[in-house]
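Taken straight from Swiss-Prot:
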- Y137: active site, proton donor/acceptor (ACT_SITE)
- K166: active site, schiff-base intermediate with substrate (ACT_SITE)
- T49, I208: pyruvate binding site (BINDING)
- T48: site 'Part of a proton relay during catalysis' (SITE)
- Y111: site 'Part of a proton relay during catalysis' (SITE)
Amino acid sequence: MGFQIEGVIPALITPFTDDLKGINEEGLRENVSRLLEAGVHGVVPAGTTGESSTLSHAEHRRVIEIVVDEVNGKVPVIAGAGSNSTREALELSTYAEDVGADAILSVVPYYNKPPQEGLFIHFSKIAEAVECPIILYNVPSRTGCALEPETAAKLAEEYSHIVGVKEASGDLDVVQRFIEETPDDFILLSGVDELTLPILAVGGVGVISVTANVAPELMVEMYEAWKSGDVERARELHYELLPLHRALFTETNPIPVKAAVELVGMASSPPRPPLKEAREDTKELLRRELKKLGLLPEGG
């Protein structure tokens, strides 16, 4: 397996124009630049946090293109390229590969609830269409069905460039089953910020993170502390960050994180309908937690 990634990988928000009808391209570039300066280990454009479900196909492609260009090889770009239509997932995946994404993140098809055999067919077709590394994305709370570890193991055995999984079930037992069932070099990335440290402890190698949009340095510090063997410091940071992790999920993601990104002075916007702007009590909670961590700009 050639592709390796570990560490803190922000799942980028997509900032929209004021009327929500277009992408704030300059703001997206500024956000990526800020996160690179903070030392993140990769980025994910056009995922759940990036509102892929309400991007047009042209916008989805453009977001990937912008991020690949702005990153310019500094860290891996893992492009969100999933869909509940296998045909559309193929189109997005081949486009992401063509414009230079280092890997693709391919979500379990949502809404139509395929059986495991259907998931195997879906991901097999994607693997046969691209040569770039593929990271599977298991998030049953958003998709309505789960990728079983045994299915992931079959896919990894059949296709050497299916290299890992973003595991966002929130169930540590499921995480451990993925690690037990898949090859030793299969990458497991946490998809739940508050479980990052526990998942590292059982064999995960990093996190595709919502929190890292607003607290990238702290997330990187926690990971680096763990990696260097300073478990006590990693644990301290884990508990310091927990209230913020929780605050970022008091409403449907990415409603809170888009408010938080604005609070820390980065480019943001409300989400597109059918999501909406964060409630005032959510904004106040976020403001308090960000302030505790010293993340608000002066006067914020």
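Backbone N, Cα and C define each Cβ position, glycine as well.
Taking the residue listed as 'active site, schiff-base intermediate with substrate' as the reference point, the recorded positions whose C-alpha atoms are within 10 Å of its C-alpha, out of T48, T49, Y111, Y137, are Y137.
It is 18 Å from the Cα atom of Y111 (site 'Part of a proton relay during catalysis') to that of T49 (pyruvate binding site).
There are 27 other Cβ atoms within 10 Å of the Cβ belonging to K166 (active site, schiff-base intermediate with substrate). The Cβ of Y111 has fewer other Cβ atoms within 10 Å than any other of the recorded positions Y111, Y137. Cα to Cα, I208 (pyruvate binding site) and the residue listed as 'active site, proton donor/acceptor' are separated by 10 Å. Y137 (active site, proton donor/acceptor) is 13 Å away from T49 (pyruvate binding site) when you measure Cα to Cα.
Comparing T48 (site 'Part of a proton relay during catalysis') with Y137 (active site, proton donor/acceptor), their Cα atoms are 10 Å apart once rounded.
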